[in-house]
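Here is what TrEMBL says about this protein:
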type: COMPBIAS; residues: 442-451; note: compositional bias 'Basic and acidic residues'
type: DOMAIN; residues: 294-412; note: domain 'RGS'
type: REGION; residues: 442-464; note: region 'Disordered'
type: TRANSMEM; residues: 15-37; note: transmembrane segment
type: TRANSMEM; residues: 49-72; note: transmembrane segment
type: TRANSMEM; residues: 78-101; note: transmembrane segment
type: TRANSMEM; residues: 122-143; note: transmembrane segment
type: TRANSMEM; residues: 158-181; note: transmembrane segment
type: TRANSMEM; residues: 193-213; note: transmembrane segment
type: TRANSMEM; residues: 225-247; note: transmembrane segment
Amino acid sequence: MATCAVKGGCPSDYVAVSISLLSVILLLAKATTPYLIHKIPRPKGSSFWLVAIQIFASFNLLLSIVMALGFLRFRRRYWWSSCYIWAVWIEGPLGFGLLLSSRIVQAFQLYNIFVKRRLPPIRSFVLLPLVLLPWIVCAAFIHLNKPLNSRCHMGTRWIIPVICLHALYVAALVGFTGAVRHIEFRFQELKELWRGILVSICSIGIWVVSYILNEIHEDISLVQIISRFFVLLMTSVLVLAFFSISISQPLISLKSLGTKDHQEYSMMGRALGIPDSGLLAQRELMQLVDPNEPLEKLLLNRRFRYSFMEFADSFLAGESVHFYEEVQQLDKIPLSDHVRRVYMARHIIDKYITPGASMEVNISHRCRQEILSTLDLAHPNLFKNALNELIQLMKMNLAKDYWSSTFFLKLKEEARIKTVDNELEQSGWNFSHRLSSVHCADDPFHQEHSPRKSSSSSRDFELQ
């Protein structure tokens, strides 16, 4: 036991390493399931790379603890096995520090979007290095003073400032979470923030106890083995509980292996419970389409809009129509429901407005900047100018070709058949397969078939 306590390779060490590997596998499965199983296109911008950074930081944190605390039996003869690389740089700025910093950036985004109702004033790729800067400075200072011994342990006078830095970042996360606690989130963002805070505090507490035990009882083998086992075990729990996808990608967070009927959440409108969002109802009223009417009026007809959308998608130019559809869903949300309006507006901006978005629409730079720099994401006319530009663009391009396409002929034929069926139903004809629905005076079955009359007639027959 004494040998493995110093050099590593104890049975408990391998158990802890196996648990950490399992946590990494579960973390990767949780992050990649929506893209691999449901074939969702990868988002662009901070909504994707902040989640990717969390995975990178979690892996670094687990690996640094394994390498720094001597879970595996190897000699530190090479520069890459140095304590200052694993216990200082990878565990600090590239591990726990990066993990906390990415979560703070996400909480800062939530605060600006839902409390201030505006996009964050500082881009995420600028804010993250600024938040991480104290960790880099602290790691550089420790590296210069070299307080670590051969077993990667540091003295008590170094542990206290390091733990205070951990606690400072948790306190910052608590501050942002407290500022958004009154928001009625729809995708469990607040729950995941509090869960991350709770697990972080527990992890820091266990790390403090383990470091103290390692420093005070460095000569007791059993204490060394147990303390490092719990450090890695708690870190494995931390990376799983701390991971969040709903804060950056709320719609994608609903599509996991455990989610039933994930097709119900293929659109943000459905996920937010907006009425009449999604597919057309089978019995929806069909109206004849007049090509001479303005496009703005025609697009208000859902069947025409969906036919026009299919036509535009066939030419890989359906972004404008999809944008119009989602703005129509936004307009159905009451002005007093700020949270749902902000959710929908943020979704539209990320999908259609942000440069490089998956379905970026062709609007002027002035119009795009007006939306991105808005001071009220819940404003009713946020996308009005963009919508006007896109309608004019559709008039010049798509609309002219649509009237001679098979999509319009199919829509016109469906409208004609539906109109004939409605006229026949209104005139009293019913082409159902039931015999009792035939409207004829000689119909022997044209009578009431209530249970009472049937029973009474049977009794009269018996009496006769």
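Just so it is clear, glycine is given a Cβ too, placed from its N, Cα and C backbone atoms.
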Can you check how the pLDDT averages out over the domain 'RGS' (294-412)? 92
Top partner of the transmembrane segment (15-37) among 49-72, 78-101, 158-181, 193-213, 225-247 - counted as Cβ pairs under 8 Å: 225-247
DSSP-assigned states of the domain 'RGS' (294-412) in counts, ordered helix, strand, coil: 79 helix, 0 strand, 40 coil
